[in-house]
Amino acid sequence: MSQTQKSIAVLTSGGDAPGMNAAVRAVVRAGINKGMKVYGVYRGYNGLLNGDVEEMNLRSVSDIIGNGGTMLYTARSEEYATPQGIQRAADFCRSIGVSGVVVIGGDGSFRGARCLTNAGINCIGVPGTIDNDIACSEYTVGFDTAMNTAIQMVDRIRDTAQSHDRCSIVEVMGRRCGDIALQTGIATGATAILVPEVQYNIERDVIARIINTQKTGKKHFIVVVAEGVGGVRDLAKYVEQRLGIESRATILGHVQRGGSPTLRDRVVASEMGFKAVELLEQNIGNRVVAMQGGKIVDLDINEALDMPRVFDEELYKIAMTISI
Ligand SMILES: Nc1ncnc2c1ncn2[C@@H]1O[C@H](COP(=O)(O)OP(=O)(O)O)[C@@H](O)[C@H]1O
Ligand SMILES: O=P(O)(O)OC[C@H]1O[C@](O)(COP(=O)(O)O)[C@@H](O)[C@@H]1O
Ligand SMILES: [Mg+2]
């Protein structure tokens, strides 16, 4: 190895998302292609605390582009998110000569990346989360696959709801972000959609909407509820008691996080991973790779983390207008 060879690392952190593997592959291949040594870090930031890393070669990332999950595993690490944890992680990077890290994850992981950059290791964030909750980016890797899974599942639920003239209340993921619920709702023709960003009233936003559609002859109903709103079992009981419509609750859960990534997730992940390596090549850190106006760009991580997330009110209004 030449003295000047640059070493970088890549890790996946937070909830896994389909397409993370494609991003890892892009980082490894782009880095090696640019003459760098590339380490894969296992189990998110924990790998930097435990020395759980491995040098990758071109074949280490073969046959993973179509796989869900992440070959590097992932974790939520409380130990890392402390001043001591961050220092230890930075010291470990220095001990193996790593000067830059690509962090593939969500907003929490980006906060961790900012801390690591402040401790002297350049980090680049790549948005990888099914939640689509990175304010600075129109898109996060994993969202498209998760959405396609969610709509397939709700379509199946509709088959049985229709056969029984029932109301099906479906909880989709998203603790603080209603994007999955909104898009699943519009794509499956849900009569009502409840998200954490929009204040709701059960009588007005669920019961009245069901009654109105019932008047025009509809006999089965889908209500999509974001995880952050919750309470689907109670809501199903309430609809049944209040309207006499037999109701069932389904929590889709982690089924939404798995599965082979879609075309969009594979392509965007590849573009974003490549961009992250280009930045590290120029010794640039503390940046987030994002999609803006359909293009892959990069932003200062502080700016990115300070941006308020804007919920798509227009799309919500459209859904509420046409799902009747
Ligand atoms: N404020 C923070 N400072 C340092 N590290 C953080 C911070 N917030 C999150 N992290 C690290 O990033 C990990 C992933 O964050 P989390 O919010 O669980 O997932 P995601 O990145 O998908 O949003 C955390 O377990 C923690 O190790
Ligand atoms: O894996 P867990 O701990 O069940 O977490 C569930 C959460 O993870 C997600 O699937 C993804 O969120 P993150 O990308 O922020 O980790 C959320 O939609 C959900 O609220
Ligand atoms: Mg998150």
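Glycine too: its Cβ is placed from the backbone N, Cα and C atoms.
Database features, via TrEMBL:
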DOMAIN    8-280  domain 'Phosphofructokinase'
BINDING   Arg25, Ala26, Val27, Val28, Arg29, Arg158, Lys215, Lys218, Lys219, His220  ADP binding site
BINDING   Thr129, Ile130, Asp131, Arg166, Met173, Gly174, Arg175, Glu227, Arg248, His254, Val255, Gln256, Arg257  substrate binding site
ACT_SITE  Asp131  active site, proton acceptor
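Taking CA atoms as the reference points, Val27 (ADP binding site) and Thr129 (substrate binding site) are 17 Å apart. Annotation for Arg257 (substrate binding site): spatial neighbours Gly15, Asp16, Ala17, Pro18, Gly68, Ile130, Gly142, Ala146, Met173, criterion Cβ-Cβ under 8 Å with sequence separation of six or more. Mean model confidence for the domain 'Phosphofructokinase' (8-280) is a pLDDT of 98. A separation of roughly 17 Å, to the nearest angstrom, links the Cα atoms of Arg25 (ADP binding site) and Thr129 (substrate binding site). Taken in sequence order, the binding-site residues Arg25, Val27, Thr129, Arg175, Lys219 that lie near ligand 1, meaning a CB under 6 Å from one of its atoms, are Thr129. Listed binding-site residues: Val27, Met173. The one with the lowest count of other Cβ atoms within 10 Å of its Cβ is Met173. For Lys215 (ADP binding site) paired with Val255 (substrate binding site), the C-alpha to C-alpha distance reads 35 Å. Counting other Cβ atoms within 10 Å of each Cβ, the lowest count among the binding-site residues Arg29, Arg175 belongs to Arg175. When secondary structure is read from DSSP and collapsed to three states, Arg29 (ADP binding site) falls in the helix class. Taking Thr129, Arg248, Val255 as the binding-site residues under consideration, the smallest Cα distance to Arg29 (ADP binding site) is found for Thr129. Cα separation, Asp131 (substrate binding site) to Lys219 (ADP binding site), rounded: 32 Å.
Between the C-alpha atoms of Arg248 (substrate binding site) and Lys219 (ADP binding site), the distance comes to 14 Å. For ligand 2, the binding-site residues lying close by, meaning a CB under 6 A from one of its atoms, are Asp131; the full candidate list was Arg25, Asp131, Lys215.
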